[in-house]
Each structure stands twice: as C-alpha cells, then as structure tokens.
C-alpha cells in the first residue's frame, strides 16, 4: 500500500522546471564530446588487435559506446525528458565547489581544524543563513566533535594542528 | 562431520574476553559504516596496533566484527543520505533513499537490518557446513569466467535505471571510461593519467561513490536551497509493516542464496551479489516499475545478499589463504602479525581460530540486529535537522572519510570534481547508479578479458569451450537476449488479444 | 598509534635551543639545529608506508616500527599512502621536511625495475634518500601446480608453450620469468594479474602454468602441497627452501629479488640520521621482529647506507643490461 502514496503523500514544494530542448541537446552532446575526446586520446595509445589488445583498445570501445549513446540521445531530443533547468542557485553550487577545493588544498598544509571551521562557517552562514551565533557554535562544535571522533577515538592519521 | 571443533569454537566465543571484543568490533564497525568514506579496510589497518597484545582469536573476532558491522552501518547513510560507502550498498541507496524521502526511512532500515541479519546468519550456517567443499569454487573461476560474469553485471546495470535506457547506457559508458584511468593493467602504459602518478593506480571506488552520490546530492540540494522545504514526513517505525514483511520475505531468501554463492568468488563477487539480487527482484516482480521509486524488495534482496556475501568472502581467506578484497587483505595481515598463516592448513592447525571466528559471527550478527533497531530510531532523526545544517556537517565528514582512504588530499579534490559531475548528471537527467557500478565492473571486465585472451592465445571460442564459462555465456544470452525478446513477444500477444475486446 | 601532529616544531625547537644556539653559532654550518638535534627525537615520528595495508611492505613496516619505538624513546605513527609502487608516498617524503621526523619504507623494485617499465621524468631516485636501515631480502620462487607435469626447471623450459602469471607489470616476478624464458628461448606468454594473490589463485586453479612470487605469497601453498617450487632466483639457495636449486645452478643466471629498507629524505643531518640508524639497528635485534621475519619467510639484508646504495645502482644497471641482452620489452617498453 505504501507505494501508492508515492506522488501524493506530500505535496512537492515546487517541481523543478524542466530543462527544455537546449539542455536535452546538451545531455546528448556531452557524451559525444567526451567520447570523441577519449577516442582521440585512445588512438594515441597502442590499439593492438582484438586477440592481442593494446592499452588503447578498450578505452576506444568505451569511447565509441559513449559517442553512440550520446548520438542516440541527440536523435531523440524531443522525447527524452528528465533534464532540469539551471537556476540562479547554481551560483551557490559553484561557490560551494570552489570552497571545497580550497578546503582540500589547505588540508595537508595547515591541518584539518582551521579549514573545517572556515568551511562550516561559510556554508552555515552564507549558504544556510544561520545566525552568527549558531554558526559559530556549530562550526567549532562540529570540528571539535570530528577531532574527538576521528583523531582521539578512531586514531585516523588526519593532519592536525592541535596535539593532545 | 566431526562436531567437536565446532563446539570448541562456541566455547571460545563465549569466553568473556572474546564476547567483549566481538561487541567492540561490531560497534566500531557500525560506527565507521555510518561515517561515509571511512571504510573497514582503513579502520582495521588503523586499529591493527591495538591487536598486537591481544590473543589471536580475540583480535580476529574483533576485526571481523568491524568488517561485517560496517555493512550494517553503511546501509543507514545509504538510505538516509544517499551516501553509499561500499560498492555493495550502492544498489540499496537507490530504492532505500526513495523510501526515506517518502517517510518510510524507519521501516526501510528495519527491513534492511532484518535482511542483513538473515542473510548473514544463513551464510554462516552454509559456511560452517560446506566451507571446505566450496574452497574449490573460488579456484574454478578463472579470468574467462570473470570476463563473462563482469559482462553479465554490466548488462544488469541497465536494469538499475528507472528513467531512459539510453541515458543509463551513456552513464554506464562514462563509468567504464573512468575505470580506464591509471596504468594499463597488463602493460603498465599510463592511460588518461595526465602525467601525475596520483592517478597511476586508478581512482578508488569509494571516491567515485562519495563524489557522484554524496557530494553530488548535496550540491544539487544547495541549488534549490531557497525552495520552500517539504514538510518532514513521518519516519515510521523501525519494525516493518505486515505488507512490507510479506513483500520482503522471499526477496531476503533469494538474496541470501545469491550473496552466499557470489561472495565466495574473490574477484568482485561481493559487488556483483547486490546487483544480481536487485535484478532478480526487479525481474520477478509483478510490477517492475515500482523499482527505483521505493520498492522495499529493492532494499531487502540486496541487503541480504551483501551481508551473505560479506560472510562467505571469508571462505577463500580461511580455507585457501586468498584475500577476497581489500578488507580481507588487511585481516590476512592481522593474522600474519599474530604468527598465524591463513591458508589450507588453518582449519587443522588452528581450529580454535577458524571456528572461533566463524562462530563469533552468529553472535556478532545478533548483536548488530539488537544494536540496529534502537539506533535506527536515533539516526532517522538526522532527517529532522535542517538541510542548511545537515549538509555542511555531512560534507566535512565525507571529506575526512575520503582523505582517510589513501591519506591523500588529492582524493578530496577528486571527490569534489566528481561531485560536480554528479550534480551536472542530475541536472541533465542521468543517474549515478549505472555510472558507479559500471566503474567497478569495468576494470574487472577489461583485465579479465585481456588475461583470458593471453591464456587462450587469442582464441575467442575458448569462452564457450570451457564448461563453466560456457554456462555463464548461456546465462548471459538468456538474460540479455532471450528473456527480453520473450517479454516483447508476450506483450504484443497480450495487446493483440486485448484488441478485439475493445469496442 | 599516535596521530601526527603538525606542531610548530620549528618555533618550539628554536625557542628551546636559543641559548645553546648562540654558543653553537661559532661552529657555523648548521647553527642552532645541532643543539636541538642532540636530544632527537623529542616527539613522535611519522612513518609512511607507501603501499596498501595488509601487504608485505605494510606488515614489515609495522613489525620494525614496533621494535624501534623503545630504542628511539618515542612512538612511531604509521600511515599508508599507496600509489605507483611507492612513488606517491616517497615523493611526498622527499618534498617534506628533512628533520628526521618523517620516514618511509622503500622497495628495491621501485629503483631497479620500475624505470624499465614506466618512463617518468620526475621519478624519485635513490639519491633523493638517505638509507636509514636495510631490512629484508626476499627471494622470488618459481612455482608450478602440484599436478603439473613439470618436475624440474629443465622440464619447464623445454615445454612447447607456457602461460606465466605475475603480480603485475614491473614486479620482480615478471622480470625473473621474462628473463628466464628469454634466456631459455621458451615460448611463454606473460599474464599479469592485479597483485600476487590473484596470480597464485589462478595457478591453484591451473589457469596458468607457472608463477614467480615472493615466499610470503607462495610458501603456505607449498607447505600445504598445493604448489611445487622448481627454482629460486637468488644467488644462493634460500634458507626456507633448501631443496630448490637456484636458476643460476641450472644454467640460467637470473638473479632477481625484492629488498626493503627504511629511508629518510637525503638532506637529513648526520646527527639525526645517526640516532635513527642506531635505533633501527637495535630494532633489528628485537626477538619479536626476528620472529616476524621467520614467520613471513623474509631473509635479512642488513648493510650500511653505502653498500645498500651500491647494491641498488648495480641492480638497476644489471636489470637494464639483462633486459637489453634478452631483447625484452617489459610492459609497453619505455
């Protein structure tokens, strides 16, 4: 009985807007481009033969599969659904990703504590719109809890500043 | 069969010290299972020094507990947060997370825990009865058999998707392509490594799963953070309803058998088991369209299978000394450090270790079931936390987990990059499931195929000349060609039969 | 096991050493460092295992570090950082501080065999390191299945065609068999697996005819009677396998082995290196460590930095020469 409730058990807050023809075409173009690029790189490796394959053969086959499926998606642009339009929120996604890259690059240099507090602060305050107080409490609290759990309890060799 | 060593094994388990370490092991296992990215192999390696001063039996009981305990814990994050930490829980995440979104997280996890318990326990019973006889099964599988098995797996990946088939195929293709990154398995030629030896050994599966599923999902939700949040659905109970139980019953049984059999194969059998179990359930269901949208059988079958496989993957280690996966390799090391060589002689030379470990798993599974039910109640409350708070906490823990795989910050960069890929895939209507599983099976397929060709001297027909691989080729043809064709034919007949009745 | 703290060691040590440093400054050269180094080590040492947990390098590292903690008077924190036959972890070691607080395990094959397979302009070389302690010399043994028709090396090389399994490209097992069959003119196909265990599994299942692997990988199966050793690729017979003749005895001068050692970055000061060398020398005498070697069929290799260095560069030249003589292309060639 449960599965009959799938769609109407609770109202979807606001269904994401479908992506339309352009995004559907992008969905087909990406595999084609990716496959073509990989095929070009594979061809620069030794292909060998089917009975004695070189390093390039299998990547080439997979690239061909990608190009074919991509072409298939392009051919049915009108029918294939499931894409979603990008919204202004995508800027937040890009910012978050940049933040995570910075996090990863600082991690081994200055240990995990400061980057973790900074990352949590940025996400909580600017992406999550928490108050400054709860942001401060949470980011320090979570970092301390992670320290206790990973470093003190599980002894995971994470780079860290504070030696206890 | 002489039962006395088995009974001695039980008396070993019930020594207070061993009971304690069993409890400790499964608790740690469950904990690290819940923490995304932190896997049992890394944890056991980290905890090895603690075991130096323990009795060998106690040490191995504890470490084994971490391994199968992590299987239970991993389900929780897969279902609640769509963060599968192991290849075997990727499948669970698909329907499990849908159930959670619908407010049935409690009962989905309840079914998963019960399925895990039954799968694990059934597998131990089978292991105790037939382990020595089954050791040979692992050896019967050569590169040729793995080639066909991987090929079956890749076609089964197609059944995972609930959307467009061609998009699933494209996602699987991308997964296969990513799997070729690294040194060529036979020739050592760098492929798509762009000159860095960080990529020489390829990309760890966990990073791919964490990136595409976990980070991708978080980034996706971030875009829509301004959208009014859905009312938090009721969580339901950890005890499944009668209907759910009736639906899951047979799925659990089938999953247990599938998992036990495939888990014996050291080269990727455990990964295949949950996939095969899912495919079996979807194909045998009256209404396959429910799958991917929250079918409880899609959780029960694969969960029973991956726990049964986790248990039977001890068979090659304990009977042949062959570690079936990274975790088993570390356990192998733990035994070696204790001065015990796992191998053909283990059962006769160290029956207390063999039966002690095997029998401790009965207890361990029981403890895990007892731990799971109340813990589920605690963990589902996580969903009540505002996404604005839950997301950053999840991302930090995921990043720390990813780092711990190889103690390498480069892997964190990879996980974020793959997270962006996962986000873009979601926007463009591709599903991550086929990508991730094709990634796992891709290197198995390529490596096994090329090894086979070398062994066969380039003769492809040998695949159908060896009895076992020929049988598997038969299974492949049956599932990929014959059954779908029959379905189409039958569907047409139904349509034709129905037509005259139309007014 | 201790975590690895990123303490501001430079500052702390500098502050502590300041008065002494003023005196020591007239010695020129290393200034204040000497004073701080005299009581080296003052905190935990980080030890990188550039391989996966559970393998031979990992187990050996754990055993020797455990034994070295007492003579050092500090704990040693072990972390696995696998990748590219140890290159990932060792490159990091080289790029880090050369203060003696970071050590790693290194293997001979990375310096002697990997360059024959992988063409990496940034590859680490033995000159980037100071060898603190040489540890083991592990022989490669050629094994066939117990039911195999081949009873001796002569039988084997006379076979019309063979498939041989190895633990992967650029491993000593691959090199040893490629050289043997190259010298003997046997038509043999190389089947590299993803590690030693899958290769042994395939041999147990008789998918392939022969494997060359380490004793740790093969001895349990040899003792169980499942595999038969035909030859070892060492200069002298192996202590654990007295009955197996060397390949050289049988007329094929193929000597390939794996050796493991503890290394520090090359710029580490003499004082610090001296303290480490002494500690590891003592560790090698530890009865538990020696029992570990015995249990894992590892032969000792205990020489000084100069001799070890000479051995590694000679081996690299010898292998390159051997490969050229036989006309082999390991892997894809380079």
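Glycine residues also receive a Cβ, built from the backbone N, Cα and C atoms like all the rest.
Worth saying up front: this structure is predicted, and the values here are computed from it rather than measured.
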Fill in: Where TrEMBL places transmembrane segment among the ranges B:293-316, B:317-340
B:317-340
Worksheet entry | For the transmembrane segment (B:60-81): best-contacting stretch of B:20-48, B:199-220, B:257-280, B:360-380, B:387-403, by Cβ pairs under 8 Å | B:20-48
Item to complete: Please give the average pLDDT for the domain 'DUF112' (B:19-437) in this predicted model.
Response: 86
Practice prompt. Spell out yes or no: are there three or more C-beta pairs under 8 angstroms between the transmembrane segment (B:317-340) and the transmembrane segment (B:20-48), with each pair 6 or more apart in sequence?
Written response: yes
Worksheet, complete the sentence: When counting C-beta pairs under 8 angstroms to the transmembrane segment (B:360-380), the leading stretch of B:20-48, B:108-130, B:137-157 is B:108-130
Item to complete: Counting only CB pairs under 8 A, let me know which of B:20-48, B:108-130, B:257-280, B:387-403, B:469-489 has the most with the transmembrane segment (B:199-220).
Response: B:387-403
Worksheet item: Can at least 3 Cβ pairs under 8 A be found between the transmembrane segment (B:108-130) and the transmembrane segment (B:257-280), with each pair 6 or more apart in sequence?
Response: yes
Worksheet item: Can at least 3 Cβ pairs under 8 A be found between the transmembrane segment (B:469-489) and the transmembrane segment (B:20-48), with each pair 6 or more apart in sequence?
Response: no
Fill in: Outside the transmembrane segment (B:387-403), six or more residues from its ends: residues with CB under 8 Å to it
35-39, 81, 83, 85, 206-207, 210, 214-215, 218, 221-222, 225, 229, 409, 411-412, 415
Practice prompt. With pairs restricted to those 6 or more apart in sequence, evaluate whether the transmembrane segment (B:137-157) and the transmembrane segment (B:20-48) have 3+ C-beta pairs under 8 Å.
Written response: no
